[in-house]
């Protein structure tokens, strides 16, 4: 108790506030469409449908960054009715959200995302994907992948999903 009182009497002269965002994305698999996951093309694997390239990992990260910064979500950022975003890449979305955050006074601390799906085999390219996204955002990126043991739409191979968190700083 005494330690808490001492802390409360301290004056903070410069305040840096971390903000955390969480998000998810999911898309149905579309036969014959290129498979973009975490800004990498996976040859020989069907991609995901969508207004954009269907990169669930990149989309979840964009959404988590927007959530952490209080700037909305992917739908309000690009929307589905804007033709200039037809087929837009996850890479381009990450670049644009990074620039938006910088102009609003945010610094990206780090991002983490998990791919959920039966395909593609992500492990062999995980480090490559982490480096690509880290380079785009100018911040550490940590990625993982899992399956759902053949349960649900991802387990049946009907689609893919991703979960992401992001830490941004203000101040």
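Every residue gets a Cβ built from N, Cα and C, even glycine.
Pulled from Swiss-Prot:
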- 25, 26, 27, 51, 52, 73, 74, 75, 146, 147, 148, 149, 153, 156: 4-CDP-2-C-methyl-D-erythritol 2-phosphate binding site (BINDING)
- 25, 27, 59: divalent metal cation binding site (BINDING)
- 51: site 'Transition state stabilizer' (SITE)
- 147: site 'Transition state stabilizer' (SITE)
Neighbouring C-beta atoms (10 Å sphere around the C-beta of residue 153 (4-CDP-2-C-methyl-D-erythritol 2-phosphate binding site)): 16
Distance from residue 51 (site 'Transition state stabilizer') back to residue 146 (4-CDP-2-C-methyl-D-erythritol 2-phosphate binding site), taken between C-alpha atoms, in Å: 25
Rounded distance in angstrom between the Cα atoms of residue 27 (4-CDP-2-C-methyl-D-erythritol 2-phosphate binding site) and residue 59 (divalent metal cation binding site): 10
Residue among the recorded positions 52, 147 whose Cβ has the most other Cβ atoms within 10 Å: 52
Spatial neighbour of residue 25 (4-CDP-2-C-methyl-D-erythritol 2-phosphate binding site) that is closest, considering only the recorded positions 51, 59, 147 and their CA atoms: 59
Local Cβ density at residue 148 (4-CDP-2-C-methyl-D-erythritol 2-phosphate binding site) - other Cβ atoms counted within 10 Å: 14
Mapped DSSP class for residue 74 (4-CDP-2-C-methyl-D-erythritol 2-phosphate binding site), helix or strand or coil: helix
Other CB atoms, at most 10 A from the CB of residue 146 (4-CDP-2-C-methyl-D-erythritol 2-phosphate binding site): 12
C-beta crowding around residue 51 (site 'Transition state stabilizer'), within 10 angstroms: 16
